[in-house]
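Colleague: Can you read through this structure? Questions will come right after.
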């Protein structure tokens, strides 16, 4: 017997044909919950516990007029916008005069924990009483610049309100700013009226409404207003504006020239402060 046949016989004695592996039928496949073999599932819609809220669109005020911006339990918040309160040539002269002659300086404020920081703008104060905000006081200064006295009388006649004090702000460029705040210091009284006159380059004045108590300080869904304040424009904030709203002049990241903002107000003697603490 040849070697080839002998090898075939030996191999055939143990080699058996492979059996076909039986594929399990569909009835043998266990149907796990949620697998593709499961029966169709139905879903039931449940309304969210909290209603879906939309972020309000920011409003823009540019035209002259009286605007009732909110009304609530505290009262009515009102703005009066008067563009062109000063003629351009008169506004130009006053801006140059005040920029050069007012005693501008950079005020140091203090945070809640006592950390000091410099305001990102220059200021000066006029009035027979001191003015305290951000835990730092501005000292009395009864020597009003003649231009400021003229402006105060003109604004009083236009607005029908009397003012005894003035906080002057100088924004040197677009990097100078003032953050979100309300003019609600105790020395200003319960519903202070602020008359704000703008001189120089245009800056955007923004307002946002105070959030509801249940929002716990979240400003996401509050109403917002934007007002471009141009050279010679007068803005009056009346009623509950300082109670129900905050305002700011934000930094701007393009070229801006200097702007002077004159904020006339009425100051009352400050209440006595407890010793050893800071008062905003």
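Glycine too: its Cβ is placed from the backbone N, Cα and C atoms.
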Colleague: Ranges 1-39, 40-78: which does TrEMBL label region 'Disordered'?
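Modeller: The listed stretch tagged region 'Disordered' in TrEMBL is 1-39.
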Colleague: Using DSSP, what's the helix, strand and coil tally for the domain 'Fe2OG dioxygenase' (162-268)?
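Modeller: Counting residues by DSSP class gives 10 helix, 49 strand, 48 coil.
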